[in-house]
Amino acid sequence: MSRMVRQYVRQFGQKLVRRRGADTMKESDGLKIQLSATELVFLGVGRNLGAGLYIVLGAVAKYVAGPAIVVSFLVAGLSSLLSRLCYVEFDARVPRSSSAYVCSYVTMGQLWAFVVGWNIILLFLIAIACTARAWRYAFDSLIGDCISQKLEETVPLHAPYFLATYADFFALGLVLLLAVLLALGVPESAWVYRVFTGINLLVLSFIIVSGFINGDLHNWKLTEQDYTLSTAVFSYSLGPPGAGGFVPFDFEGVVQGAATCFYAFVGFAAIAARGRRDLKPQRSISLISLLMCFLAYFAVSAALTLMVPYYQIHHHSPLPEAFLHVGWGPARYVVAVGVLCALTSSLLGDMFPMSRLIRAMAEDGLLFRGLARVYGHRKIPVVAIMSSGSLAGIMALLFEFNHIANLMAAASLLAYSMVSFSVLVLRYQPDQNLSKSEKTEEETEMELVLVGSPLDSVPEAGTSNILKTLWFPTSTTPTQKSAQIVYGCAFLLVLLLSILSLVLAQWPRRVFSGDPVLTTVAVLLLLLVTGVTAIIWRQPQSPRPLTFRVPALPVLPLVSIFVNLYLMMQMTSVAWILFGIWNAIGFAIYFGYGVRHSLEENNEPPASTSQTPD
């Protein structure tokens, strides 16, 4: 009986780690539109300079970080940089440039791919909901907040605090309108991104220059007396005063701000997913767009906090209202145009890839097959577009922007941490042909690594021989044994780094002030992390040539994972609850439907899902 149970668990584990053959990749997995290097840079900039800049900026500066938001953007940008480097190598491992979901399926297996894809869907949904809300805020500020006042009077929500104070039917209608336009076949045009991004950059340049002209350095060293005077003068609600100065909310505020500001850098995957395979300098394109976005975030946040005391920043419309604050009233309309162009570009840039990702997962059988139905000669995934658009619209209707921004950051941080982990372990795997038709016996054995203990397949030997193998590998190229060692050590490192991140996030002052218990725990965790990292470093790496290889392996991916985990620990309890609910729903769908209906399980080509409307 126990043997049958072990065999069943073994077979079930094989399903979870079964990989998709590279020779089964379809044209729909990639983007048919071929973009030049300049267009890819514009695409990356347009995807990032949206709601994260125009809305998150004000909320974080007012309530979380103060003027030190410039440092928060620096920390978030460094975390994004590490993730970008790992993503470029990850993408280089598949024959055609594609999404993180497809790359995960080809290289890491089915369950890993589902978790990545499911959380990227969440990322897109929240991005669309947040951007739709931000679009309404920007438009509403031009007409004297008439829309918000009417909605608050008509459809207030007497619900838990993590929901919005009123139902935003304007944002719902905006999302559904765009979804209908996409379903009707409105083409995705690169020139739309170029025009909107060009207008956005011109407006940002105006904001930066005029902001520094009207800025006052005193706003970076405010005191309690300044706050008291502002309370007496301004009738509307001010933000918390903090301790004043450049860092009014201390180091914790800077880190929490960085966790939320990571929202602003989540659009970089579009570059790798849309780049042409013959476009070699993907790394340069990605880094150029990152640098441009960071400079924009840094300069605009500096200009805003110099123009307006951080506790007087308008929560929903920070930049237009800042010009009203310094007496440049007409300029707020110029800024509003840039805001609307940037947010429209972001909405379009998120809805297209979300529908493609849902369609790809449905075609693979991991989501319901009906979502993969396409219509017309252009094969438009109408069901995927309308279902995802409706869900995003409902989120925009019910959730306040700042309550789900952390949820989006958590989803992106988890997905990018999984990419960094994948890069770490794949570099130490034996060379394997990713073609499904040429799967070797060694690869089949490798699929069992995640089922049981990573070292289960190591031949029995004395303790001294095992330790010797850990530090002195028997081969100069990766073997099955060395690959299993890396897998086991990598999972152990994730556990240790998670505990260390939790300790540093919850009790930072006690750790660094010399608390005997917590300081000892932190030091021991660091020593264990160092030792396990050294074991991975001693293992042979694959000599397989790649267009880009992450430098300083295994340190750089591990630093990326640690920074991402540390930022995730800054999330609110509500964000974690919602994040857990979303992933619980995902696992229910996967284990209840996806495992049994996946193409890899059925080992058959997908049935035609194309239909032509009557």
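For all residues, glycine too, the Cβ spot is worked out from N, Cα and C.
Annotated features, as they stand in TrEMBL:
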TRANSMEM  67-90  transmembrane segment
TRANSMEM  111-135  transmembrane segment
TRANSMEM  161-184  transmembrane segment
TRANSMEM  191-213  transmembrane segment
TRANSMEM  254-273  transmembrane segment
TRANSMEM  285-311  transmembrane segment
TRANSMEM  331-352  transmembrane segment
TRANSMEM  380-399  transmembrane segment
TRANSMEM  405-426  transmembrane segment
TRANSMEM  485-505  transmembrane segment
TRANSMEM  548-567  transmembrane segment
DOMAIN    548-598  domain 'Cationic amino acid transporter C-terminal'
TRANSMEM  573-593  transmembrane segment
Any residues 6+ beyond the ends of the transmembrane segment (191-213) with a Cβ under 8 Å from its own?
39, 42-43, 45-46, 49, 53, 296, 299-300, 302-304, 306-307, 319, 322-323, 328, 331, 334-335, 337-339, 341-342, 344-345, 348-349
With Cβ-Cβ distances below 8 Å as the criterion, list the same-chain residues six or more beyond the ends of the transmembrane segment (485-505) that contact it, or say none.
255, 421, 424-425, 428-429, 449-450, 453-455, 458, 469-470, 511, 518, 521-522, 525-526, 528-529, 532-533, 535-536, 539, 558, 561-562, 565-566, 568-570
Out of 67-90, 331-352, 380-399, 405-426, which stretch touches the transmembrane segment (161-184) the most, going by CB pairs under 8 Å?
380-399
Do any residues of this chain, six or more beyond the ends of the transmembrane segment (111-135), have a C-beta under 8 angstroms from a C-beta of it, and if so which?
16-17, 20, 50-51, 54-55, 99-102, 104-105, 168, 171-172, 174-175, 263, 266, 269, 339-340, 343-344, 346-347, 350-351, 353-354, 357-358, 360-361, 366, 388-389, 391-393, 395-396, 399-401, 404-405, 407-408, 411-412, 414-415, 418-419, 422, 450, 582-583, 586, 590, 594
Go through the chain and flag residues at least 6 beyond the ends of the transmembrane segment (405-426) whose CB is under 8 A from any CB in it; none is fine as an answer.
56, 59, 79, 82-83, 86-87, 89-90, 93, 100, 103-104, 107-108, 112, 115-116, 119-120, 122-123, 126-127, 130, 259-260, 262-263, 266, 483, 486-487, 490, 494, 536, 542, 550, 553-554, 557-558, 560-561, 564-565, 567-568, 571-572, 574-576, 578-579, 582
Long-range neighbours of the transmembrane segment (380-399), counting only residues six or more past its ends (CB under 8 A)
121, 124-126, 128-130, 132-133, 157, 162-164, 167-169, 171-176, 178-180, 182-183, 185, 351, 354-356, 358-359, 362, 370-374
With DSSP, how much of the domain 'Cationic amino acid transporter C-terminal' (548-598) is helix, how much strand and how much coil, in residues?
39 helix, 0 strand, 12 coil
